[in-house]
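J.: The structure follows.
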Amino acid sequence: MNTAMEETQRIEQFLRKALVSERKHGYLIGVSGGLDSAVVLKLLVQAVGKENVLGLILPDRDTEKKSTTLARSLLEQEKVPYKVISMTPLLRHLGVYKDMPLFLLPTRGLKESIVRRFYNDYTKKLNKPVFFAQWEEPPTQLPYFYEGIAYYRIKHRVRMATLYYYAEKNDYLLVGCTNLSERLIGFYVKYGDDVCDVAPIAHLYKTEVRQLSEYLSVPEDIRNRPPSPDLIPGITDEYSLGINYETLDQILAGLEEGKTAEDLKQLFPADIVELVINQVKFTQKLEGKPYMLKRA
């Protein structure tokens with residue numbers, strides 16, 4: 001990556017050009033209270049001005065209250081107009097909450113504890129972190145396994161439909177907040193948080209986004225939060241992956257530089273290297289879907 005200042009200027013120019021090229025009136029962004037959307041919001045304001053940005057906060061029943069508080073605070077600090085729209089009524093209407101009856105548990109702490117208990121059991125039986133095994137056939141029946149996957153993914157897809165509705169209603173471009181680390185290993189929901197019109201940080205590893213956040217003076221409360229999709233209580237990014245972003249990014253950067261698996265195994269645990277390499281290959285295959293016939 002360039003210096004933080006150079007990269008910021010490069011992205012801001014990119015955002016201005018995209019708006020002119022697409023002949024749109026501004027940008028719409030979903031703001032979660034997390035690091036990636038905070039960085040992108042800061043870049044948008046500096047690139048095109050707060051009057052050309054609209055923020056949406058889209059919590060649901062499982063969203064941590066602090067996430068919404070931090071998202072509101074950042075948008076108000078940047079003087080960006082925004083709306084808060086609860087996804088709970090639609091998800092309830094679809095019957096999503098019945099599939100994972102967390103509402104029966106009285107406190108968030110208890111919900112997090114139960115979710116992690118199931119997650120740890122899955123990891124033990126699958127012999128790898130659940131993220132790296134979610135596309136495989138489980139060796140044994142796992143309670144709530146597929147329901148949990150569907151529960152997680154539908155939230156991203158409902159959010160995406162909502163974001164696009166408001167983007168098109170205002171003749172805005174929808175800006176995405178997926179980073180390069182997530183893209184390379186498929187740590188996103190297809191037809192969910194990967195979908196957007198402009199992806200200004202998709203070329204930056206998570207650790208590089210973190211560097212930009214310091215340069216852009218993203219509030220410390222956001223910078224210090226563990227990265228989390230905030231869709232199921234108790235599950236953070238690194239808990240789901242079973243690996244921290246510093247290690248993940250070093251492995252991914254090593255692959256980008258042409259290092260072999262054996263080279264990387266001299267520096268990192270062999271099982272982690274294998275998981276990451278296999279996941280990168282699988283993600284490349286996943287991006288080729290849907291399957292289609294060629295013309296006869």
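In case you wondered, yes, glycine gets a Cβ from its N, Cα and C as well.
These came from Swiss-Prot, pasted as-is:
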type	residues	note
BINDING	GLY30, VAL31, SER32, GLY33, GLY34, LEU35, ASP36, SER37, LYS206, SER228	ATP binding site
BINDING	ASP36, GLU182	Mg(2+) binding site
BINDING	ARG157, LYS190, ASP197	deamido-NAD(+) binding site
J.: Within 10 Å of each Cβ, count the other Cβ atoms, then let me know which of the binding-site residues GLY30, GLY34 comes out lowest.
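T.: Each of the binding-site residues GLY30, GLY34 was scored; lowest Cβ tally within 10 Å is GLY34.
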J.: Judged by the number of other CB atoms within 10 angstroms, which among ASP36, GLU182, ASP197 is the least packed of the binding-site residues?
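T.: Candidates: the binding-site residues ASP36, GLU182, ASP197. Fewest Cβ atoms within 10 Å: ASP197.
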J.: Please identify which of ARG157, LYS190, LYS206 has the densest Cβ environment, defined as other Cβ atoms within 10 Å, among these binding-site residues.
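T.: When each Cβ's neighbours within 10 Å are tallied, LYS206 tops the list.
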J.: Taking only the Cα atoms, work out how far ARG157 (deamido-NAD(+) binding site) lies from GLY30 (ATP binding site), in Å, as a whole number.
T.: 13
J.: Secondary structure at LYS190 (deamido-NAD(+) binding site) (DSSP, helix/strand/coil)?
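T.: Going by the DSSP assignment, LYS190 (deamido-NAD(+) binding site) belongs to neither helix nor strand, so it counts as coil.
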J.: Out of the binding-site residues listed (GLU182, LYS190, ASP197), which are within 10 Å of LYS206 (ATP binding site), Cα to Cα?
T.: GLU182
J.: If I take the alpha carbons of SER32 (ATP binding site) and GLU182 (Mg(2+) binding site), what is the distance between them in whole Å?
T.: 16
J.: From the Cα of GLU182 (Mg(2+) binding site) across to the Cα of GLY34 (ATP binding site), what is the distance in angstrom?
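T.: Rounded to a whole number, the Cα-Cα distance is 14 Å.
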J.: Using Cα coordinates, what distance in whole Å links ASP36 (ATP binding site) and GLU182 (Mg(2+) binding site)?
T.: 11
J.: Can you count the other CB atoms that lie within 10 A of the CB of SER32 (ATP binding site)?
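T.: Step by step: centre on the Cβ of SER32 (ATP binding site), count other Cβ atoms within 10 Å, giving 25.
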J.: Provide, as an integer number of angstrom, the distance between the C-alpha atoms of GLY30 (ATP binding site) and ASP197 (deamido-NAD(+) binding site).
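T.: Rounded to the nearest whole number, the Cα-Cα distance is 13 Å.
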J.: For a quick check of understanding: given the listed ATP-binding residues GLY30, VAL31, SER32, GLY33, GLY34, LEU35, ASP36, SER37, LYS206, SER228, what is the maximum Cα-Cα distance in angstrom, as an integer?
T.: 18
J.: Would you mind pulling the longest C-alpha to C-alpha span across ARG157, LYS190, ASP197, which the record has binding deamido-NAD(+), in angstrom?
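T.: Largest Cα to Cα distance for the deamido-NAD(+)-binding set is 15 Å.
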J.: For GLU182 (Mg(2+) binding site), name the DSSP secondary structure in the helix/strand/coil scheme.
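T.: Its secondary structure by DSSP: helix.
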